Amino acid sequence: MSNSNFTRRGLLKTSAMAGGALAAPTLFDGSVWADAHSGYLNAPTGSTVTLGFNVPQSGPYADEGADELRAYELAVEHLNGGGDGGMMSTFSSKALQGNGILGKKVEFVTGDTQTKSDAARASAKSMIEKDGAIMITGGSSSGVAVAVQGLCQEAGVIFMAGLTHSNDTTGKDKKANGFRHFFNGYMSAAALAPVLQARYGSDRTAYHLTADYTWGWTQQESIQAATEAMGWKTANNVLTPLATTDFSSYVAPVLNSGADVLVLNHYGGNMVNSLTSAVQFGLREKQVNGKNFEIVVPLYSRLMAKGAGENVKGIFGSTNWHWSLTDEGSKAFVKSFGEKYGFPPSQAAHTCYVQTMLYADAAERAGTFNPCGIVEALEGFKFDGLGNGATEYRADDHQCFKDVLVVKGKDNPTSEFDLLEIVEITPRAQVEYAVDHPMFAGGELGKCNPGA
Amino acid sequence: MDVIILQLLNGLDKGSAYALIALGLTLIFGTLGVVNFAHGALFMLGAFCAVTLQKILSLSFETIDPTKTDFLGNPAKIKTPYIESWFGPELGSSIIDWSVPLAILFAIPIMIGVGYIMERGLIKHFYKRPHADQILVTFGLAIVIQEVIKQFYGANPIPTPAPDAFRGSFDFGTLLGFDPNVVIYPYWRLVYFFFAALIIAAVFGFLQFTTFGMVVRAGMADRETVGLLGINIDRRFTIMFGIAAAVAGLAGVMYAPINSPNYHMGMDFLVLSFVVVVVGGMGSLPGAVLAGFLLGILESFSSMNEIKQILPGIDQIIIYLVAIIILLVRPRGLMGRKGVMED
């Protein structure tokens, strides 16, 4: 006698179930759409989909925020089939058709980050909970980016970072639901250091003034490591409070410190004021150790450089993108933006426009707004035609890897927008780093959160 | 030693701004009894008087230059300031170059007018209200003023350079026997210090040596008695409000080349200036000046690397620390009078 439960009836039942399972995709075709568009937070049910643009509309970065918002509005116009389509025609992915995203018309709501972490989280939360935003994007500060990225991870929506340059955003504070197109402090340093060495030599002593918050710390750490690797010495690193307006007390000690380079790890108003103080104190006319004293601003912003006026002339720095680039993507974007608004876009506007396009494209390719589908579509995504050459969203940390621009303040500007000139386009390979690099270690990407 | 001299100069420079703003605050408090939280906004308005005059002098007409292109590839529009076409390129550009000193003349009537309107239009209605109400209304006014400025001028700092003649640095060290280029200090910051000293001396001289000033001082000491003598002290106090606004405005005009003006620069100075007033003694004009310079110097020294290595972060709290100590030791401040804000 056999103890086996195997019977002819059992075989038939098992076969029927297996066959049914295999046939399910075709038998239940109508439910596939429903499955793809439910089971996650703020799944759009009508004919529209809502994006949340969280930018500084008040506070010191309000002008940069206004430029971000212009770019977002342009992106929405292009996604919905309006205007000249901008970079949609140059984007290597052809998933976007100008009929919204997945056939749904794109609408948007805006929030004011005020460049304060708590205010930015509150406005993002409101857009997610009250307005049903499926994705949050924007910002002009790393402190804000880290805070909002954390919120989006907890809530279960995608965060497409705006202007954030701290290593931490895709380093120790990286999150599965967060993506950064903008470059970071490490990349700035890796691109700048060889240019500085070529111009100023290897026998230099640098004095750092550093904004006392996450971006300043990581920027300083990066540029110090990169310049020391090429032979420079570091005389001092002085942390300056973010609220400082008069930097004379911090600049004066530089005069007789023995340093012959001042590195200003400052952004925005801090950068304008510290650079102005340094120039007022005659540092640029000074000779130390038989060499001309030099000033370096690792992260440039054209909008902010305007505030420093003539003081930026000849000073090296780096930037994520510049309107004078001549690739087809940049030209298309500058044309769209310039014709609509009358002036060229900033790097903040560029990264925000590109992030919106990348999100929309990912949703189209994934066939869903489900954050986990978006994450899967963006991880390891390689693309071109968006202004930075060949680019990849690295799967391990959700950081975009691409060429970096080394720029310097233009000596003879031809217009009020013509403040920076591109000195070098540093190739991606030179600014790339391992995902477990010590400057980025300490955090876990975790798993995507669909929020429901 | 060179570092100490440099920080002393820095302290005097910072103290100049604190003293000028605190002087205006004290004038208003001493005369009208109003705690004016909009005073920082008046400093900012002064800086924007310099920005405005620079913009007015730079008003340009456009001509098309077919040989050049703009960022969209269209024929470039070349801007030429009207003033250069009227007076010639050399004189025209010199006038624009001197826009900040010229803005002093521009700012005085504007700031007195702004002060007068502020006082007559809003603040006089709050004389008999508690100080908390005065603080709320003037703070609200400050926010309104800065948002109006932001609406017109944007949020970014606007470069407003000093005349070319004052760019660069003065080699202070050679006067004191140091090697060349060891103790150098920007010309414009020295100008700012001497300008502040002049304004402070002018205000004190006005109060001390004119009949108007004598009446105001009498009113500050005993308003009721001066009123009983048939003197319209309210009108004089209104004028003093205008003068205080002008002092803050002039401090702002001359500060514009030091840090590019932006709409929130007044708020950056406001809290510090109130600390200066409290440390100096509420209602005491010499106290405000003394405390302004004292706290400016202390703030500068606390930024020294040698000090920060021993006490990290001291530069961020020094002013408040000193304020606490002085108020514990001398509750009325350095030169405060008995009875002020003690009822």
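Here the Cβ of each residue, glycine as well, is placed from N, Cα and C on the backbone.
Annotation comment: TrEMBL describes B:16-35, B:42-61, B:98-118, B:190-216, B:237-258, B:270-298, B:310-329 as transmembrane segment.
Here the transmembrane segment (B:310-329) has Cβ contacts under 8 Å with residues 272, 275, 278-279, 294-295, 298-299, 302-303 of the same chain, all six or more residues outside its ends.
Count of Cβ pairs under 8 Å against the transmembrane segment (B:237-258): among B:16-35, B:42-61, B:98-118, B:270-298, the largest is for B:98-118. Contact between the transmembrane segment (B:98-118) and the transmembrane segment (B:270-298) does not hold: fewer than three of their C-beta pairs are under 8 Å, each pair 6 or more apart in sequence. Tertiary proximity for the transmembrane segment (B:270-298) is limited to same-chain residues at least six positions away from its ends with a CB under 8 Å from its CB atoms, namely 7-8, 10-23, 25-27, 29-30, 37, 39-40, 142, 200, 203-204, 207, 220, 318-320, 322-323, 326-327, 332-337, 340-341. Counting residues 6+ beyond its ends, the transmembrane segment (B:42-61) has Cβ neighbours under 8 Å at 21, 24, 79-83, 85, 95-96, 99-100, 102-103, 106-107, 110-111, 114-115, 145-146, 149, 153, 158, 160, 245, 248-253, 255-256, 261, 263-266, 269 in the same chain.
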